[in-house]
Amino acid sequence: MKVQIVFFSITVFIFVLFLLSVESNTKIKIVPSFLENSNEIEDLYINLDSDSKSSEHTTSSSSSSNSKNKGDSSSSSSNSGSSSNSIISGDSNSKDAPTTSSDSLSPATPIPTDGLLSASTYVTFTGGKVLCENITFCPNGYMYSSDYACNYDIVQNDPATHRGDWNDGIKMFEDPLPKNTTIDQVEGISFTISGAVGCQVTSSATTLEFYIQDLLVLTNTTSRYDICTCGSCYVTFGTEVYKYNMLGYNITGENKFQIQVSVNSMCATTIGITLYYKPPTITPTPTITPTPTITPTPTITPTVTPTATPSTTPSTTPTTTPSTPTPTPTKSPYSGALSPQVKKYIIIASSITGGLLISIFSFVFIRKRLNSKRSGYTQIKDGKDIDTQQIKIGVRIGKGNFGEVYLGTWRGSQVAVKKLPAHNINENILKEFHREINLMKNLRHPNVIQFLGSCLISPDICICTEYMPRGSLYSILHNEKIKISWSLVKRMMIDAAKGIIYLHGSTPVILHRDLKSHNLLVDENWKVKVADFGLSTIEQQGATMTACGTPCWTSPEVLRSQRYTEKADVYSFGIILWECATRQDPYFGIPPFQVIFAVGREGMRPPTPKYGPPKYIQLLKDCLNENPSQRPTMEQCLEILESIETKGFDDIPVNNNNNNNSNNNENNNENNNNSDNNNNDINYSNRVIN
């Protein structure tokens, strides 16, 4: 009987484990296990190719220089007005300067970049500043740079007057590819030149040869003429993307770059090198559902073994009468009724098993309740899978690169439904989509957009969030029918600061990385909520939401692909403060690729607003400081905003973006000196994100 009790207890215990495994497995099915180890933050890689193509043009200008770099090749030429590209795929045997005959060049065909990622780096040319120190502005369509270098001398064959550190066009650069990227993943390459090309107007064309590790990568022939009398005035153009086989390339360190100019001359400020590579292939790990093994309780058949056999043979003696004795059977150890001892064992085992079951189920229930609570906020259900048949889709209220946004009704409430287009679905997008859903469903704050649920069944992949009737802050600022007072701006910026502080205070720290007025949504009571912090990396794939695009709100350290902290979000918050004070687009009319260079390398900032509360204007300038450690924290921004006095200031009018960048150069000097003049005693601590 003891064996029965043991088998019964083991069976009950295995059944309990089965119940727990089913509960655990149900959770795993919501998010596949191969997505749980995804990287939290990806590096920002800037693809200048699409922007640089739009800036290609041909201009005419006179030049007094007729010489070229003595290290450049002069063996290739082209007819006036023509443009061609060639690439070389073989090895070079040259040990010093690269040399390649134009007869060996084969026509190159641009490759498509669909589905490819990109990583960029820059080489800079300096040393020509003294020649153009009196220049303050450039003609329309040209940018100004304080430093540059040229491939020819001011006075022919006079090395003493050489323009800058041209050095035969040779520069070294660090590999920009992400860690663990292999050579086999690299598909193509493109180059972006910021400078003046075609200085000798008497020549018909300019031939540019690009070398990496002394191997010719690309030959570009163009018939463009730019202003070359002063290298400080320049334009930016780029090549298309061509196949690159990475011969001789050092993927773990420094590489040698060289540009050779023939037939004509050029000046350069920077040259961008962009590599295009395939994303890594991720093999999903299948989810294994444990199958419990239940051992059936064996049926024990009782065996009755008599201890003695009664004698049936009569025993007789001559002197006695024979008699048949009555047999006395021995009592069987098994009987129909359980003995008191067996009943005692059964009661004890049942009590222990029942107590264990009650304890386990109580623990699971309490753990669920504790994990779901968020102190200080109204508890709602965690974001979960939604049956799209329960959603009534209404009118379209927005459209972006992520997909279309519709006003919908779900369980009697208005919701915003973002649908992922079927043609946009791939493994990387789904992986990022799952990761960001897991992030958003755990956030609860009055100034953070509420995530309600999602559908992950293709093709109806979508997410549902709360609906904000007044739309984005950007649309409000640019609506001439809406009057905006300084008190309303103060209130909305306080709301935004509280939402960002909540994200920065999370564990681990959540950096928005895409803060802008488009991602601050407003409800019917003018309360502002931070949105799109979860899907920013998806929506930024090749996206520009305005004529200027996301770079206008991005901090200089991010544009330079450097390490960044939560102070990068503080810089973006400063641009939003500027938008509210002016009701204009930052850097209106300047192409995004020029904004990237001007903000990241030249220190350009929007012009300081001339009207508004002094504390507000000073906070705006402090947030845009070049040095991240000199920027205030979001907690300090909130404290300053709450102390601002807005009485006596008129409503902020809508501006038409005219001349809002005319004072950029003057304003840049002021911004660059902020840390020296105003904030020498401030050194905010940073939490560095690798």
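Glycine is treated like the rest: Cβ placed from N, Cα and C.
Given the structure is predicted, the values throughout are model-derived calculations rather than measurements.
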Exercise. From the set N134, N683, which residue is assigned the annotation N-linked glycosylation site by Swiss-Prot?
Worked result: N134
Seminar exercise, completed: Cα of D514 (active site, proton acceptor) to Cα of V405 (ATP binding site), in Å and rounded, measures 19
Exercise. What three-state secondary structure does DSSP assign to I397 (ATP binding site)?
Worked result: strand
Exercise. Which three-state DSSP class does V405 (ATP binding site) fall into?
Worked result: strand
For this session: Quick one: give me the count of other CB atoms within 10 A of the CB of I397 (ATP binding site).
Result: 16
